[in-house]
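Swiss-Prot lists GLN83, GLY101, GLU102, GLY103, LYS104, THR105, ASP490 with the feature ATP binding site. Residues annotated as region 'Disordered' in Swiss-Prot: 854-953. Annotation source Swiss-Prot lists compositional bias 'Low complexity' at 854-867. Annotation source Swiss-Prot lists compositional bias 'Basic and acidic residues' at 929-947.
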Amino acid sequence: MLSKLLRLGEGRMVKRLRKVADYVNALSDDVEKLSDAELRAKTEEFKKRVADGEDLDDLLPEAFAVAREAAWRVLNQRHFDVQVMGGAALHFGNVAEMKTGEGKTLTAVLPSYLNALSGKGVHVVTVNDYLARRDSEWMGRVHRFLGLDVGVILSGMTPDERRAAYAADITYGTNNEFGFDYLRDNMAHSVDDMVQRGHNFAIVDEVDSILIDEARTPLIISGPADGASHWYQEFARIVPMMEKDVHYEVDLRKRTVGVHELGVEFVEDQLGIDNLYEAANSPLVSYLNNALKAKELFQRDKDYIVRNGEVLIVDEFTGRVLMGRRYNEGMHQAIEAKERVEIKAENQTLATITLQNYFRLYDKLSGMTGTAETEAAELHEIYKLGVVPIPTNKPMVRQDQSDLIYKTEEAKFLAVVDDVAERHAKGQPVLIGTTSVERSEYLSKMLTKRRVPHNVLNAKYHEQEANIIAEAGRRGAVTVATNMAGRGTDIVLGGNVDFLADKRLRERGLDPVETPEEYEAAWHEVLPQVKAECAKEAEQVIEAGGLYVLGTERHESRRIDNQLRGRSGRQGDPGESRFYLSLGDELMRRFNGATLETLLTRLNLPDDVPIEAKMVSRAIKSAQTQVEQQNFEVRKNVLKYDEVMNQQRKVIYAERRRILEGENLAEQAHKMLVDVITAYVDGATAEGYAEDWDLETLWTALKTLYPVGIDHRDLIDSDAVGEPGELTREELLDALIKDAERAYAEREKQIEAIAGEGAMRQLERNVLLNVIDRKWREHLYEMDYLKEGIGLRAMAQRDPLVEYQREGYDMFVGMLEALKEESVGFLFNVQVEAAPQQPQVAPQAPPPTLSEFAAAAAAKASDSAAKPDSGSVATKERAEAERPAPALRAKGIDNEAPPLTYTGPSEDGTAQVQRSGNGGRHAAPAGGSRRERREAARKQAKADRPAKSHRKG
C-alpha cells in the first residue's frame, strides 16, 4: 500500500522532467555551433556564475546541453532525451529507475558535471573497484575535455593519492572505500592525515545494491583483542561426539542451533563442570553454540574453503572467494578450530558506521538502478529518496517465459543443457545465471560433455568478467555466470562496440589516462570499423531471437532475478528469459519445499517432466516477499540501534575535529579542570554538615590528580569564625579551583622550559586526542557488549531498544566524565621530554618505577596510555632542555597503532569483507569471549588510571 502511495506523484515528476529535456534540446543547436575551446570555456563561465550566487537549478539546462555535446564529441555518444530526464532526476536528489542497457553510466555525467561547478566535490559511488576505475577513465574523458579534474579511489591507494583524488572536482570510488576513509579520517592524529573534504553530493550507481543489499552489514575498523583460544579447540573436540536431534536441534531456515538438556549434561560431563549456565561459565555457552553452528550450518567447499592453512569464505550469492573476510562474534575461530588450522585473533571494534548513516551525511543524495520498484518504500523511509521511473528509449519486447519446476536437481540441469545446446546450434547467444561457483563448474562440465563451447565467469577478476560479458551477446556465445558477475557492463547484441574498440587500442599500448591525445585520435579511427563489424553480427543475432537469459535457481530477492532478466531486451532488442527450478533449490527448501514434493509424488510424474503451475509460481513469489520483508526488518533494526551510536559518534567526531583543526584548547582544559575538581568536591560534600565531611579522603584523591598546594586544616583555621563547621562548600571549591589553576600555570612553565614555547598547547592536543580515542574505543566495546544481551530485556516486558537507548546514554555520559578526569590527570602527571632531532625507529620504554608509566600495561595495549601512581609532577629534566626543541614527546601517548582490519559488505550485501591494514606488528593469535576480553579491558583501564580514593556520596 505504502509503495502505491509513494508512486502517486510519479506521472507529474516525469512530465516535469520531460519539460527539462525539451529545454535542453532547445539549447542544443546553439551549443553545437561552439568550437572545442568555446565549449571548454563554458565551464569557467558557469563556475563564475555559481560563485556569484546563481542557483544550480537555474544553470541546469545550459550545463546539461554543454555536457551532452562534450560526450558526443569525445565518446561519439549523445544522451537520449530519457537520459537527460534521468540526469535531472538525479540532480533533484531522486533515485532514477532506468532499465538495464539504458545508459546509466553516461546519464551520471550530466548531474556530476553540473554539481561539480560549485567546487564542493561530487562522489560517484559504484559497486566494485573495476567499475570505479573504468567509469573514471571512460566518463572522465568527457569531464577532462570540459576542464574538470577527475579522481578515483581504489583499495590499494596511499593516503596522499586518496587526498589528491578527493580534491578533484569529481571522485569515483566504491561505497566501502568512501566509508572507510570517513572512519579513518576520524581516527587521524593530524589534519594533514585526513583525506576527505566534506560530503556534498553523491550519485550512487546500482543504488539498490549499495543502499539496500549492503546496508545490513556495517563498516567496521577493528584491531586485535587479547584472549585465549583454547576453548575453541576444546569445543571442536566435544561437538563431533554430540548427535543431532539427541543432544541438539538445528533450524536451517533461521540458521540457529538449540542445545537439549541431554546435550548440556554431555558438555558438563566432558568439561568436568557442575552447571554450564552459571555466571562463571556463561562465556562457554557462546563457544558451544559457535562450534555447533560450524559443524551443522557451515559446509566446507560450499560456505568456505581451506587454502594454505587458512579458512576463506565463499560468498553464497556471487560464489566469490572473499579474501581476508572473517565472520564476527568468534564464528570464524570456531570454523578454524573445526578444520584444525591456526586460530587467528578475534577483533575489537575501533570505529564503525552503517552505510545508511554514512550516506545520510551527504547534503544531497541520488542514485540509479534498473530495479528499485520493489524497494521504493524502504528508500523513502530510510533515505527520504523518491523513486522516479524513467521511460525506456525504445519499448521493451523481451518475452519472460514461466518457470519450469523439476523434481530433482539432476533432471533440472539435464534440461538446461538440452535447451542451451539447441539455442547454441541456431546461433542464439545464451547467458546462464547460477548461484554458486560449485553450480557453475558442474554445469560447465555438463556443457563440455555435450561439446558446447562456453565461457565460465567464476567472478574472481572484475576486469576479465567485463571483457567476457561484453562479448556475451555475440553469435552463438554461451556464458555461464554467477548472479552478480559482470554487473555494470552492458551485453550488446553483436558485441559491445566501446569495449571492443577500447580493447584494440589497449592492445596497441594506448591508454585514455596515460596517453589521452593519441588515444582520442586513434579512437575516432577505430570506432567506425568496429561498429560496422558489430552491426553485421547483431543482425544475425536478432534473427536468431536475441539474447536468451536462463536462470538455474531463484534468488531470495525478486530484484536480483529481475536484474538477471534485465540483461536481455535492452534498447528495444528482442530477447527471452526463463528460470529452471528444482525442489532441491535453497529457496524451495526454506519455504514449502516439502508440500510441493508431496504434490509431485502424488502426481506420479517422471523426474524429467517439469511442471508449470501458477500455485508454484505464487509460492515462490510469497517466499521471496517473506525474505525481503525479513531483510528489511533486519536493516531497520540495524539502523535503529546504530542511530543511538550515531548521535554519540557525531559528538565525539566533532570534538576530535575541533582539536585537530588547531583550536586553542587552554580554555577547554581549564573547563575540564574546574569540572573535575567540582565533581570531587561534590562527592565529598554531598551528605551531612561540614563537620561530617571526610576532607582527608578528598585531599588524598586530589593528590593523585594534581600537586595540591594547600592544606584543608589551613582552610578551616583561616576561617573568620574559627569553627570547623563554618567552612562552606563554595569556599572549599573556590580555594581548590584557585590552587589547581596555580598548579596548572606552574605545570605550563615546566613544560615550556623542557620543550619550548607553546609546548603546553601541544600537550593538551596530544592528551585530549589520545584520551578521546581510547575512551571511545572502550565505549564501543561496552556498547557492543550491551547490545549483545539487550534482547533478553524483552523477557522482562521491556522494549530492548528503549533500554539500549537509555543505558547507552548513561554510559556515554559516564564516559565523558571519565574522559575529563583522565585528561586532567594526564596533563598534570604525564612524563614529557623534548622530541629528539632525529626520529627514532622505536621509542624507548620508560623504566617501571612508581612515578613513571606502567611499562607492562603499555606493552599489552599499544593504544593505552598509562598514568603515574604518585601525585608528584613527573617531568624528566634533560641535559639539552635549554636548547629549544621543535616539539615535545609525551611518553605513553604517541604509541604505535595496532594492525587494523576492515570489515564491510561485499557486492551482494550479505558478506563481510576484511583486509588487514598496516600499522604495527601483527598480533599474536588470540581469542577469548567478549566477556573475558571486557573484564581484561576493565582491569587494564583501572591499572592505567591514577589511584582515586573513595569519596563519600
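Note: Cβ is positioned from N, Cα and C throughout, glycine not excepted.
Recorded features from Swiss-Prot, shown on the structure.
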residue: GLN83; record: ATP binding site; Cβ within 10 Å: 27
residue: GLY101; record: ATP binding site; Cβ within 10 Å: 22
residue: GLU102; record: ATP binding site; Cβ within 10 Å: 25
residue: GLY103; record: ATP binding site; Cβ within 10 Å: 19
residue: LYS104; record: ATP binding site; Cβ within 10 Å: 25
residue: THR105; record: ATP binding site; Cβ within 10 Å: 18
residue: ASP490; record: ATP binding site; Cβ within 10 Å: 23
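Within 8 Å of the centroid defined by the CB atoms of GLN83, GLY101, GLU102, GLY103, LYS104, THR105, ASP490, the record's ATP site, lie the Cβ atoms of MET98, THR100, LEU106, THR107, excluding the listed residues themselves. Secondary structure at THR105 (ATP binding site), taken from DSSP and collapsed to helix, strand or coil, is helix.
The secondary structure of GLN83 (ATP binding site), as reduced to three states from DSSP, is helical.
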